[in-house]
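As annotated by Swiss-Prot, active site applies to Asp308, Asp688, with the evidence given as sequence analysis. Taken from Swiss-Prot, the feature Zn(2+) 1 binding site covers Cys9, Cys12, Cys28, Cys31. Annotated topological domain 'Cytoplasmic' per Swiss-Prot: 1-184, 235-772, 820-835, 906-916, 968-989, in sequence order. For 206-213, 794-798, 857-884, 938-946, the entry in Swiss-Prot reads topological domain 'Extracellular', with the evidence type sequence analysis. The transmembrane segment annotation in Swiss-Prot covers 185-205, 214-234, 773-793, 799-819, 836-856, 885-905, 917-937, 947-967.
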Amino acid sequence: MMESGVPPCAACGDDAHAACRACSYALCKACLDEDAAEGRTTCARCGGEYGAPDPAHGQGAVVEEEVEESHEPAAGGVRERVTMASQLSDHQDEGVHARTMSTHARTISSVSGVGSELNDESGKPIWKNRVESWKEKKKEKKASAKKAAAKAQAPPVEEQIMDEKDLTDAYEPLSRIIPISKNKLTPYRAVIIMRLVVLGLFFHYRITNPVYSAFGLWMTSVICEIWFGFSWILDQFPKWCPINRETYVDRLIARYGDGEDSGLAPVDFFVSTVDPLKEPPLITANTVLSILAVDYPVEKISCYVSDDGSAMLTFESLAETAEFARRWVPFCKKYSIEPRAPEFYFSQKIDYLKDKIHPSFVKERRAMKRDYEEYKVRINALVAKAQKTPEEGWIMQDGTPWPGNNPRDHPGMIQVFLGETGARDFDGNELPRLVYVSREKRPGYQHHKKAGAMNALVRVSAVLTNAPYILNLDCDHYVNNSKAVREAMCFMMDPSVGRDVCYVQFPQRFDGIDRSDRYANRNVVFFDVNMKGLDGLQGPVYVGTGCCFYRQALYGYGPPSLPALPKSSVCSWCCCCCPKKKAEKSEKEMHRDSRREDLESAIFNLREIDNYDEYERSMLISQMSFEKSFGLSSVFIESTLMENGGVPESANPSTLIKEAIHVISCGYEEKTEWGKEIGWIYGSVTEDILTGFKMHCRGWRSIYCMPIRPAFKGSAPINLSDRLHQVLRWALGSVEIFLSRHCPLWYGYGGGRLKWLQRLSYINTIVYPFTSLPLIAYCCLPAICLLTGKFIIPTLSNAATIWFLGLFISIIVTSVLELRWSGIGIEDWWRNEQFWVIGGVSAHLFAVFQGILKMIAGLDTNFTVTAKATDDTEFGELYVFKWTTVLIPPTSILVLNLVGVVAGFSDALNSGYESWGPLFGKVFFAMWVIMHLYPFLKGLMGRQNRTPTIVVLWSVLLASVFSLLWVKIDPFIGSSETTTTNSCANFDC
């Protein structure tokens, strides 16, 4: 009937036939059966019975023929419109559908000439009322059916509440700032101001009351005290606005999801190692295993291990680690164990069955521990084999020579162990990508030590995975909190916070430290006090490990929104913490913007060229604009333009490894901005300070994240000599920055983006080694005073006594209030004070002289890798004595003050009662020095409380020197004898 011009079904638009022979009203079979089931057997248009013969059949035939011949185009047009209407979904506007059906009804009515006479009282056709009534009933029936189906499929009320909660959490902030209580912070600030005032009055007294009988000692002491006051200001005021932060990992999951369909951003992990004999492969392997097992979608995690020593031992141990990871990773995720470094998990002295409900856990844990012990034996066998290098060099398993036999002259090497093309775990699940990287090294090329290795990893990862975020760890820092990456993403992926965040820094926490923390390895005062203070300004400094970077910030770009400019060139502490108006762009950014405009015009001109390929045009533009900054790699340059990460679509997967080898070649960085404005910055052995400083100068801010469970843990050098060498390297890096063009005293003023208190903290970071000079002089003063009988302070008046007492009280109260808001213990504070003196009179002094010699004579400073503890005995390394020249200055000061105390008491015994009063002040001064050096003295004594031979020889030598000096001074000669001798000298007897 459709071929003869009958339109589709008037109800649903499907293929129809003429249900009513009288008026040719079109209905499909389904709608006709539905009407019959509901008892409707009459036509909705004419009211006649469905299927009844037409009383005027001939006339009807003529009319139908007329419809076919005369109105075929009209019927076709209507058929088109109805077909389109039938394709509308049930959720579309019902008015549109009704209007289409009305048009169809009117068209059929006018053509057939039937029913126009059947109208109701209002003049509206009866058939139209019936059609609309029928349609409404049908819609109500469908709506009730849908409602019943939806109710059947609806989750329980509890699940609906949880879904609503998740939806609410998805729009909540992912983190918040927890300000320090005013009850704690206000008194703290008041005491700081009071201490500053008292310090000024104290200096006024000291300068205006010289000691003429000991003018040299007095002048030395005043200069030292002024420097200490300046150093205190640099250290104290950046702690003016301390804050705490809290993260909401559940909200992160609610917003971005979890699992394979998660919207979480990919993260590339960087692990760097140099010498596997000083950095045991088992420690590096535990770090890698903890990374592969983090609680994060596996397809979004990649681990890059940089072997800067090109050691086959590292390569083979990493291959063993990749195989063991196939068992370890699913075990960790199945039972949610913490930490996920097997060495530290199995060595925990806790109830490992707590909160475990799986019956198979004990059995699988026992089997896993056995597998790990077998894995350790294999690693130990590799280490034992590597102790003696063959004359012909190392040979790989396939019989070919190891390319890295010469660590100073070898090609670049990359090996992908796990990932999309690698093996899966034993449960059949995908594993994170694990990549071994050893950059090319050739004679005559600068390699820039760790900073150069990190920049090589930046380029390799950009070519292979190009995650928008980078998290770097030292080889001895394992992931202690499997949710650490999610903690960082709570800041990075929060739209209200993460736009201007260049990195999230986690505090360093350590295992294997003695209970008393003799050498302040935990560094609690810095990580729990200073870093919280900096977080309230522009953010914490970068400390070299445990830091999650935004990749675009490493490329030298500024933040999307620039920070405020100060109203004047001199800014007070109050304006440094407060937001201001949007800053103007610096000259460098204006130049960069102009370059972008030039590029846009170049793009416009290139588009005018006919048949010019889009990909070739973009590559040409990238090379013209970025090759001087990023180097000659089109794939890498294109990856830098992808702010959200991901491998460029134009990159050929088959050539990515070849491109990755190219970007780690030794000459790739020549004539580029790498190490100057891009990546880790060169010029100091402490590249971390310099890199973070450059980012803050560009206007970025950083975040300090302190989760309840420490994110990462590492090993610290608890041996005295190793600890001092570590401090020496840090101090040397600060001296190098101080003597370079990047010194915070004069660098970074152009854009005004570095807050003044933040600059003050960086100045303190690079100036503190120079405190060793006045500190050594000040520590020698009490012994000199005891030996000479003179003192640096004149007889105290009442006013002077008030200033001295006020200064001491303000120092004590400031420290107590600082402990109160930070939550650290008094023992940690005292250990920090002791090691400040120990490091200041030893490592810092050597760092100053080495840095000056490097600047004047061009002597290069050798980077010494801190050996990681491998002693099986608990705290075994603590008692090992390793002699080094760094120990000479503190040993000399210690012996000098001990000799001075003995000499002082001897002099008092011979001088009478009057000399005991001044003696107490001098002895207290000397005992203050000895108390601060007491941990150093214990370190010299060793495990058996016996002094090593070398120290005995030094002590005898120094004691002899000072004994001769003592005899020269003759403290036993009384004043009357001295007067007589001097009088006789004036006469010729």
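Note: Cβ is positioned from N, Cα and C throughout, glycine not excepted.
On a Cα basis, Asp688 (active site) lies 18 Å away from Asp308 (active site).
Cβ neighbours within 10 Å of Asp308 (active site), excluding its own Cβ and spanning all shown chains: 23. For the topological domain 'Cytoplasmic' (820-835), same-chain residues at least 6 beyond its ends with a Cβ under 8 Å from one of its own Cβ atoms are 180-181, 184-185, 188, 242, 516-520, 522-526, 528-529, 532, 931-935. Same-chain neighbours of the transmembrane segment (773-793): 211, 213-214, 217-218, 220-221, 223-225, 227-228, 837, 840-841, 844-845, 848, 889, 893, 896-897, 899-901, 903-904, 907, 918, 921-923, 925-926, 928-929, 962, 965-966, 969, 971, counting only residues six or more beyond its ends whose CB sits under 8 Å from a CB of the stretch.
In three-state terms derived from DSSP, Cys9 (Zn(2+) 1 binding site) belongs to neither a helical nor a strand segment and is classed as coil.
Beyond the transmembrane segment (836-856), the same-chain residues lying 6 or more positions past its ends with a Cβ under 8 Å from any Cβ of the stretch are 519, 724-725, 727-728, 731-732, 734-736, 738-739, 768-773, 775-776, 779, 885-887, 889-890, 893, 929, 932-933, 935-936. The DSSP secondary structure for Cys31 (Zn(2+) 1 binding site) is helix. Remark: secondary structure over the topological domain 'Extracellular' (794-798) totals 1 helix, 0 strand, 4 coil, with classes taken from DSSP.
Comparing Cys31 (Zn(2+) 1 binding site) with Asp688 (active site), their Cα atoms are 77 Å apart once rounded. Mean pLDDT across the topological domain 'Cytoplasmic' (1-184) comes to 55 in this model. Within the same chain, residues 209-211, 804 sit at least 6 positions outside the topological domain 'Extracellular' (794-798) and bring their C-beta atoms closer than 8 Å to a C-beta of that stretch. Asp308 (active site) falls outside any helix or strand according to DSSP and counts as coil. Cβ neighbour count for Cys28 (Zn(2+) 1 binding site): 19 (other Cβ atoms within 10 Å of its Cβ, all protein chains included).
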